[in-house]
Amino acid sequence: MERSMNFDDILSHIGGFGKFQKILYVWICLPQILLAFHMLISVFTGAVPPHLCRSNNTTWALPASSDAFNFSLVTGPDGDPGLSCSAPGGVPSSPLAQLNHSTALALSDDHVTGVCQGGWEFSKETFHSTVATEWDLVCDNANLNNIGSSIYMFGLLVGAVLFGSLADKFGRRNIILVGLTIQSTFGVGAAFAPNFYIYVFLRFVVGTTISAVIMNAFVLGTEWTGSKHRMLAGIITDYFFGFGYITLAGLAYLIRDWRKLQLAISAPGFLFIFYIWVLPKSARWLLANQRNEEAMDLIRKAALMNGKPLQEDIEICQGYNDMVKMEERKKDTVIDLVRTPKMRRNSCIMFYLWFVNVLVYYGLSLNISDFGMNIYLTQLIFGLVEMPARTITLFTLNRSRRISQLAFLAVGGLACLLTIFIPDDLSIIRTVLAMVGKFGITASLSIVYVYSAEVFPTVIRQSGIGMGSMCARAGGVLAPIIYLLRGVSKNAPMVLFGLCTLLGAALTLLLPETAHQPLADTIEDVEGSSMSEDSEEGNMKPALYEECPTRNPDIII
């Protein structure tokens, strides 16, 4: 006699996190290291070292070597920023250069400031070369550097939309393979860019692939993992991203030339060619697209690898088969995220949570970056501080997705608001509060990945996460712009960050609890079968999965 089981029951039967899933996690986590490299590399390749305007005046000639030039004239609390873009014909090569800047100006009768005509001399103390030093992205051209960063972030936004939809159509595995190939090719190409505009274009394409890989790797892991271990799909990959965050500090310290550094972080991506043979498809996606035989072959392979062979009389059932046959089922699109009431409510809230998490995450990172230490040590600290934030979610997510999301958003929002009450002379306390806010937002950002994958049903899960990622990228683009509000009030950015985060915490109360619940496969699962509470036992059960529907010959595997 054949037995009917839904996909989550089969995962529990063959092992929700056995050897098959653990090997899968190795494959989906390794690329996260390179993703962190590409996301954060501009901190080093786009850095602007101290610089001074060269002079065409022979009386005020620059020394032949930049090492002999006194860059303290434009650095430190007493530095003159005006010398970076215009100077009194440069700095004298005579012993007068040993005097301080004010004495030099007093002794010179030829002091005339104006637009820099002779180009710039850059300090090589920290960087041998950067994008800014190679193409003179300073002074009048300084905005080009910022525009380049914005275009890269826009690439992530485009990739979130484009590859989210393509993954629902062509599968998670295929998009991961395509994304890694394009990422490595264009990343290496960026290291040989002949000019700034081609460099920006190549980085834009790399940005689109970041979204392709990071979203689909996460979803692939989620769809193969049982409900008891599902949160690991987000948390474990976050650890590898954090490891890449930290590793980049050491790599950049060793490689001070931007082209060599760009090549070093991109070329290893070609090693992932072996994924063609080892990376599995998503059985859940195959079932949702009526490729039942292929899905069952993968399920049996996973069962054997986990040491729990699947019996031959197993039938996979899906709740929507009572209503229509699978081959007659309509194709779901991004519009279905907001077509029906419950999906519209859940989608809009999740989109806002993605937006506010990334907005405040990057906002706080910009706000607490001035530690007075060198850039490599600062990068290392930023990577290390995120590890405990991700670790703590391991102890809270299993209890409740909704309460965990709410609590960490509240911590982040309150910490931001409290900083406005701390006087400027207590900078240490302000910094500690900002770090607490970053801790809360980092933990919340880890949770939103897990929560999203459980709120959106299988047929539009990737589209939902893609749209959420798009909203997140919009937040990343807006984060530095928020600091323009300092012209209105110095506390305005932190007030805005705090209020937006607390609003997100309040909206989280309207989302369903998904901890230890089967993943919804269709929109009908969300709209037609609401989560009902058993008042006597206090358990939340989805009516859809209380039992499998009447056997349908079209879905026997």
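Numbering starts at 1 and runs along the chain as displayed.
Including glycine, each Cβ sits where the backbone N, Cα and C put it.
Look at TrEMBL and you will find 24-48 (among others) tagged as transmembrane segment.
Here TrEMBL flags 95-516 as domain 'Major facilitator superfamily (MFS) profile'.
For the transmembrane segment (150-167), the list of distant contacts is 42, 174-175, 179, 200, 203-212, 215-216, 219, 333-334, 462-470, 472-474, 476-477: same-chain residues at least six beyond its ends, Cβ to Cβ under 8 Å. Sequence annotations record features per position, and here TrEMBL assigns transmembrane segment to 150-167 (among others).
Annotated transmembrane segment per TrEMBL: 174-192 (among others), in sequence order.
Look at TrEMBL and you will find 198-220 (among others) tagged as transmembrane segment.
Among residues of the same chain six or more beyond the transmembrane segment (232-255), those with a C-beta under 8 A of the stretch's C-beta atoms are 17, 25, 28-30, 32-37, 40-41, 43-44, 214, 217-218, 221-222, 225, 261, 264-265, 376-377, 379-380, 382-384, 386-387, 390, 393-394, 397, 446-447, 449-450, 453. What TrEMBL records for 232-255 (among others) is transmembrane segment.
The transmembrane segment feature in TrEMBL is assigned to 261-279 (among others).
Marked as transmembrane segment by TrEMBL: 349-369 (among others). If you look at the transmembrane segment (349-369), the same-chain residues 6 or more away from its ends with a CB under 8 A from one of its CBs are 378, 382, 405, 409, 412, 416, 431, 434-435, 437-438, 441-442, 444-445, 448, 451-452, 455-456, 464, 467-469, 471-476, 478-480, 482-483, 493-494, 497, 500-501, 503-504, 507-508, 510-511.
For the transmembrane segment (375-396), same-chain residues at least 6 beyond its ends with a Cβ under 8 Å from one of its own Cβ atoms are 40, 43-44, 47, 126, 231, 235, 238-239, 242-243, 245-246, 248-250, 252-253, 365, 369, 403-404, 407-408, 435, 438-440, 442-443, 446-447. Residues annotated as transmembrane segment in TrEMBL: 375-396 (among others).
Per TrEMBL, the feature transmembrane segment maps to 403-422 (among others). Through the fold, the transmembrane segment (403-422) approaches residues 353, 356-357, 360, 364, 393, 396-397, 429-430, 433-434, 436-441, 443-444, 447-448, 451, 491, 494-495, 497-502, 504-505, 508-509, 511 of its own chain, all at least 6 residues removed from its boundaries and within a Cβ separation under 8 Å.
The feature transmembrane segment is assigned by TrEMBL to 428-452 (among others).
Under the heading transmembrane segment, TrEMBL lists 464-485 (among others).
Tertiary neighbourhood of the transmembrane segment (491-511): same-chain residues 345-346, 349-350, 352-353, 356-357, 359-360, 363-364, 367, 402, 405-407, 409-410, 412-417, 419-420, 437, 441, 451, 455, 482-483, 485, selected by CB-CB distance under 8 Å and a gap of 6+ residues from either end. If you look up TrEMBL, you'll see 491-511 (among others) marked as transmembrane segment.
Ranked by Cβ pairs under 8 Å to the transmembrane segment (24-48), the stretches 174-192, 198-220, 428-452, 464-485 are led by 198-220.
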